[in-house]
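*Asks:* Supplied in structure tokens, the structure appears directly below.
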Amino acid sequence: MLLQQIINGITIGSTYALVAIGFTMIFGVLELTNFSNSSLYMFGAYITYLLYSIVGARFFLAFTISIVLTGVLGYGVDRFALRRLRKKRAPKLSGLITTLGMSMVIDNSVMVFFGTDSKSFTNFMDFGKFYVGNAVVTWTQVIILSVACILMITLSIIVYRTKIGKAMGAIAQNQDAARLMGINTNKVISFTFIVSGFLACVAGTMVAMYYRSIETSMGTSIGTKIFAAAILGGVGILPGAVVGGLVLGVVETMVSAYISTGYRDAISFTILILVLLIMPNGLFGKKAVNKV
Amino acid sequence: MIERFSTWLVRHKSPLLIGTVIAAVIFPYVFTSRYVLRIAILCLMYCMLAVSLNLMSGILGQISFGHAAFWGIGAYTAAILAKNHGWNNVGVLIVAALVAGLFGLLLSLPVMHLKGYYFTITTMVFCQIVRVIEINWMSLTNGPLGIMAIPKLQIFGQLIKSQQAYYYLILILLSLTTFIVHKVIHARMGYAILAVRDDDLAAGAMGIHVFKYKVLAIVISSMLAGAAGGFYSVYTSYIDPGSFTNAVSNNMLVMVIFGGLGNIFGSFVGATLLTVLPEVLRGFSEYRQLVFGALLVLLMLVRPEGIFGSVNFKYIGQRLSLEKSIAGGKHHE
């Protein structure tokens, strides 16, 4: 029973982690709360759903095109709104409001086009299940967790080992100085947004397959959680986002199994507040140095 | 253009103020339609919420994504008092404000050590927690069904039922809120709060009790939101947890930023536009939110600091009075 709950928790947590990675990348580079990230997550799932019927039931083709399209949309959010704000040296809050507006536009476009009722989604990674002790593990769960891990490792390598990752770090510290050092900041930021779009689409589609349904409110319900997961692990730290997502998922499942289903969100968020109070920089964060 | 408009506003400050007050007072007699009045009342209530949030986010500089929580706490307090305990006088509004203020105090205590986005996430999470409790505490809040048939308010033994009366009630509440926030900003305390916003370390070094002023600003702000919540529940006589979500909190913050952070007049404009605009766009029905979002993005692109964000009314006023005195001096010569 306990093992089963842990396994379910890890699965849910790894879906949080998937979206949170993209979110935390943007947060780390721009210190921007990207509200449109959860909309991209929903958008990705819907586009896969739409393309699947258009390309004639070839799932991987549909999935690939959908990933590209969501990435393009992520790029668009940056290119047509946020880049102009950066150019004007607008306060950070207006960037936040812009992403909020963008997320409303994306959400409602999807709603107008597809309607608000939930649609059933086929699970393409349903390869049966196996037993670990008494606990049932489906292959879907294994695949979701592995994809989350693979993406985390790949992106960690990109962010911490490659040139473009170093450029991201430089931009996070000081955009102007980074530009003076010859970094094409716009290009790097666009790259970040495209990657976060890719991740949102992968996460959205996989979660849709796991639950076998999609609905237009799926983005809003995960919105706060990915924020929480990212902060829990430490802002801008990719492994932190994954661990934060997993912890949040496990705590939620435990609470709903042993205490009360209704208070699931409340208790996991209370734990989040406590973590913030004890370790304000998150589980993996380094202590920030305040300038005086 | 906005600068010119602001100068014009300041130049004709007193006639405009008197005109607005007269217009606000005669409004319910000119527009008697229930629909228009309802929107006007909600619009005034959102103005009240925006002004109170402005104290926390604009003046104190702590961006809050959880203002709807205080609003909801006020609404539930008033509803429970009125429904279960038979209170239906103005006392419910006061108690609603006090209870919301208590929660503001509770939130502000742990939050003192957190800065920037950590405060933001805490307020966001606080809003979620309050909503989850509203949904789950069945015996007190009636869960997701909400509380129905909340008794109407009674003032001087008179049961208020008409829309007009509620319009005047919220007008009075809004005036009080504006008065309080205006007083706070322009008193010694307000300068202390502004100093804390700009640099709390420096403010502390200058002998300002940072902790005290932070707590004060948050508590006052949450109390005002609580009073607005109390009004909301007695006015609509039905509340459910669905009204006090994070989306509503975001909306309130958008109102404040739309008008310009730290600017009371801006908050009025932001709240009015963002309450009336969706109603005007109702003709587009399903495209409404889409257009609304697009307009939001557009405004941020044109004026990233909000409509009146970069306008300093006080400075304009001083400049105008200086110009006037120079012109007056010449005249006497």
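Backbone N, Cα and C atoms are what each Cβ position is placed from, and that goes for glycine too.
What TrEMBL records for this protein is below:
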TRANSMEM  A:7-30  transmembrane segment
TRANSMEM  A:50-75  transmembrane segment
TRANSMEM  A:96-116  transmembrane segment
TRANSMEM  A:136-160  transmembrane segment
TRANSMEM  A:188-211  transmembrane segment
TRANSMEM  A:226-251  transmembrane segment
TRANSMEM  A:263-284  transmembrane segment
*Asks:* Same chain, outside the transmembrane segment (A:188-211) by at least 6, Cβ under 8 Å from its Cβ: which residues?
*Replies:* 11, 15, 18-19, 21-23, 25-26, 29-30, 34, 37-38, 40-45, 47-49, 63, 66-67, 69-75, 77-79, 82-83, 86, 121-125, 140-141, 143-144, 147, 151, 155, 158, 164, 167-168, 171, 218
*Asks:* For the transmembrane segment (A:226-251), name the stretch out of A:7-30, A:96-116, A:136-160 with the most CB-CB pairs under 8 Å.
*Replies:* A:7-30
*Asks:* Would the transmembrane segment (A:50-75) count as touching the transmembrane segment (A:136-160), i.e. at least 3 C-beta pairs under 8 angstroms with sequence separation of 6+?
*Replies:* no
*Asks:* When you scan the chain for residues with a C-beta under 8 Å from the transmembrane segment (A:96-116), skipping those not six or more beyond its ends, what do you find?
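*Replies:* Same-chain contacts beyond the flanks: 32-36, 38-40, 42-43, 46, 50, 73, 77, 81-82, 85, 215-216, 219-220.
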